[in-house]
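Asker: First, the structure itself, so that you have it in front of you.
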Amino acid sequence: MAGGKAGKDSGKAKTKAVSRSQRAGLQFPVGRIHRHLKSRTTSHGRVGATAAVYSAAILEYLTAEVLELAGNASKDLKVKRITPRHLQLAIRGDEELDSLIKATIAGGGVIPHIHKSLIGKKGQQKTV
């Protein structure tokens, strides 16, 4: 039996598995995003390895941005829980996020806005 493997443990130390999310320093699951990207493509599931890492990083950044703004909105209203209303105020208050996220947020309410032409000047009074 010469020339075969020396056994199950041939002197190499077993290393612990490191996920792609940990390698990239991300919280979002790179492997799961890669699987979903592969299932959505028409070219037989050919997606580059870095595409999933890049997509996960983008999603994580946008989520952190929205949550930070929504947290600020909830702090301003002196509550400890982020509601859909706080998400709506955060997204519609930021010009770039507003142009990116055009979806209707259920339970978000409306953004208060009065057109400038409807606001009367301080010196003018309405006469009856």
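From the backbone N, Cα and C atoms, a Cβ is placed for every residue, glycine too.
The compositional bias 'Basic and acidic residues' feature in Swiss-Prot is assigned to 1-12. Summarising the annotation, Swiss-Prot assigns ubiquitin cross-link to K122 and lists experimental evidence as the type of evidence. Annotation source Swiss-Prot lists N6-acetyllysine at K5, K8, K12, K14, citing experimental evidence. Feature annotation from Swiss-Prot assigns N6-methyllysine to K5, K8; the stated evidence is experimental evidence. The N6-lactoyllysine annotation in Swiss-Prot covers K12, K14, K116. As annotated by Swiss-Prot, region 'Disordered' applies to 1-25. Annotation comment: Swiss-Prot describes 1-17, 93-103 as region 'Required for interaction with INCENP'. The region 'M6 cassette' annotation in Swiss-Prot covers 89-100. According to Swiss-Prot, the region 'Required for interaction with PWWP2A' annotation covers 120-128, on the basis of experimental evidence.
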Asker: Measuring Cα to Cα, how many Å separate K14 (N6-acetyllysine) from K122 (ubiquitin cross-link)?
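Answerer: Cα-Cα, rounded: 78 Å.
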Asker: Under an 8 Å Cβ to Cβ limit, what residues of the same chain, 6 or more beyond the ends of the region 'M6 cassette' (89-100), are close to it?
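Answerer: Beyond its ends, the region 'M6 cassette' (89-100) has Cβ neighbours at 62, 65-66, 69-70, 72-73, 111.
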Asker: Please list the DSSP helix, strand and coil residue counts for the region 'M6 cassette' (89-100).
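Answerer: Counting residues per DSSP class in the region 'M6 cassette' (89-100), I get 11 helix, 0 strand, 1 coil.
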Asker: For the residue listed as 'ubiquitin cross-link', list the number of other Cβ atoms lying within 10 Å of its Cβ atom.
Answerer: 6
Asker: Around the Cβ of K14 (N6-acetyllysine), how many other Cβ atoms lie within 10 Å? Please give the count over every shown protein chain.
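Answerer: So the number of other Cβ atoms within 10 Å of K14 (N6-acetyllysine) is 6.
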Asker: Take the C-alpha atoms of K116 (N6-lactoyllysine) and K12 (N6-acetyllysine) and report the distance between them in angstrom, rounded.
Answerer: 74
